[in-house]
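Novice: Right, I'll just put the structure down here and ask away after.
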Amino acid sequence: MNEVPTTPVRLILGQAQQREQNSENCSQERNPRTFNSEPDSSFNSPGSSQFVIHPHEPLEKEKDEKQDLDRSIDYGRSSALNNKNNANPLENIDINKMFDDKKSDSGTNDDKGGASTSDKHVLALNYSPIRVEMNSSEKRSDKNVDVDENDKEGSHINKKLKLQLESVPDLKQSSTKDIINDKEEIMSSPMAIDMIETNISPNKFIINDGVERNDSFNINTDTLKLENDINEKQQEEDFIKSNSNNVVNIDNAYKEKEDEENDITNSHINRLTPLYETSARESNSNEEGRNDYDDDNQLDIRHDNFQIVAKRNEELTDQIYHLNQMLNSLISKNESLSFQYEKLNKNHQLLIDLTNEKLDKLNTERESDIAKVEKFKKRIKELNTEIKVLNSNQKILQEKFDASITEVNHIKGEHENTVNTLQQNEKILNDKNVELENMKAELKGNNDKLSEYETTLNDLNSRIVQLNDKIESTDIVLKSKENELDNLKLSLKETLSISKDFNDSDLIGQINELISTKNNLQQKMDDLNNLNDDNLKVVQDKLIKNEETLKLKEAEIDSLNSEMDELKKQITSKDDEFKMWQSKYETVEDEAKIRNAEVTELNGDIEDLKESKLHLEETITELENKVHKLENECELEKQKFEKTSLELESLQLKNSNIQAEHIKELENLHENLISLQNELKISSDRITTLTKENEVLMEQNNNNNNSVTLSNDQKDRDDEKIKSLGKQVQDWKEKYEAKEKDTNKRLKLLAEDLYIQYSSKHEQKVKLLKKGYENKYQNKFDQLNLENKTLSEEIEQLNKQLSSEREEKQELLKLLENEKK
């Protein structure tokens, strides 16, 4: 693939028809026994023409034709054919004829021996990707001198290869001037494409490009035919040399040779230079003229074959250029499709990533919303249980409060009874005071009336006993009231333990004050009881001692008066205590009313909580509906995503199919190029073999015809031309490698430009998609955020209420614990 073999030939347009006719006429004049081997010795292989041999003119005409000798051997000397070919040489070429192996031979010429190029054999050649020129240094040096002669006899065309990727060459040649101007154009060689390795690629096909190469060319058979032809030719030459003395045998041998040449020339398909023929019919008298004629005939044949090879080379270079152009277009299409596929793939992956991210976000938000809803449900359940507990506690507190009110009313009635009893006692005490005063008067007036005093003392004793009984009854009543107070205290503690949520600190303080006053009263009652006991003892002592002394009685009366004063003080203190109890009772009633108002407020709060519960349930249902809507939207988005993924898969399949087709086409083109290169190698090998054979034959001809000097000059020229062609081949190889490097650089730059364009377009698409999705879901997210904020605020309010209630309960529990201590 790196080195492309070339077939160096000279592009010739035109046939040397006139010189061929002149040479034939001259040979007929010099040798009356001329033969018609020239018109009949044509190559019958299709798609080729005969090599035109430039005849060597006689000595008397050499001076007139020296200007022709200075020119190159590939110069066309037929003006008629040059004019025909200069019009448009490519239009005169028929590819089907060139590759048709079954085409019959062209017809023979007239008896005079004039042969046209249409009657001559065509040489079939393999494809050559490069159009080259066998340049003549003499022709270039004499270019300005021979312009007029070229206009007369046919212009010499130097057409080189020009394979450019940018444009298709204009192969039509309008005039001889354009052909002359295009001589020095150097065209670039076709490029090798390094994208696909034929050894690695699994798909290898052969494109049927309209030419069946396997049918038209068989390399192995051609080589075998060439070897057989060379051997037969050598045998014939040996046979002719051995029989050169017999003239009759010469004529027969030459006729046999002519027939055999007509049969052999079919195998001379791929030879660029024919074998030199020696004539056995020459006699000793015309041997020199015969050799000159054979040399000229061979030169004409070579000239025609060079011309045909050049034409075929030109056609093949054009075909290879078109194939390279098609291959480059297919490569560019394939690259564009691959870039489009990469773009679609990247867009598809980005869409998948975006949708996955959005789905993940929606799923996380959905999970967070579900967790929040579950928390709200749990909170609502807790609030419901707390509300139920509060309702039950409220009922219990209400019942206990009613019971405590009834107990307070009962205590109030008992207190009124005690007040009445105290008033009666006061009245009794007043009466006693009056009686004591009377007794003092009686004692002072009548000391003799002891018996009366005794009776009065007895009465007093009886009264004291009654008073003691009354005091005992009052003590019993007080004890019962104390028990009732204890019961009330226990009931109050129970109420306080039950009503932990209420703020009863003032009530508890009042109760504590009542308890302290009660304890004081109990102490005082104990003191009174003790005093009563002492008084009883004293009275008994006095009763015992009254008999003895009146003084002691007076002292006792004084003590009784003092005791009466103390009792009055106690009564006044009890009145004060009663007033205090009455004021406390009023405060307790006020507090009870306040508690009732608080209970009503709590009932209102409970109703508000129930309403908030209903509102929360409604919001939960709305959130659940929104969650269902979001799930439905997610399902729709998933369906859309699946549709887009299916579409992308179909596009990927189409792209892969198209890419496979393009790869197949590229592989076919690569294989065609490889086949062309192989054919070029084979043709170059053939050229080398033929050149070697030519050298061998030229040596033989030089040994047989030492008198001919032009053949040696021609050989030297051929050697020089071969060397120049070798240099040109190396130049073409270097140009081919440079062109290949340039195309690779261009392809890399084009790929980078396409990648930059694709990346910019992709970023714009991603930005547009982001904006679209943000605008689509922004309103929904805002609504959900507002709802979440409202719900969080409501929950905070409920938490604050619960925390305040719990603090109140804890304070009540602390107070109860302090009271128990």
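Every residue, even glycine, has its Cβ placed from backbone N, Cα and C.
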Novice: Look up SER188, SER462 in Swiss-Prot and give me whichever carries the note phosphoserine.
Specialist: SER188
Novice: Among the residues SER106, SER283, which does Swiss-Prot list with the feature phosphoserine?
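Specialist: The phosphoserine feature in Swiss-Prot corresponds to SER283.
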Novice: Among SER49, SER216, SER683, which is annotated phosphoserine in Swiss-Prot?
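Specialist: Going through SER49, SER216, SER683 one by one, Swiss-Prot flags SER216 as phosphoserine.
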Novice: Could you give the mean pLDDT over the coiled coil (310-821), rounded to a whole number?
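Specialist: Across the coiled coil (310-821), the average pLDDT comes out at 76.
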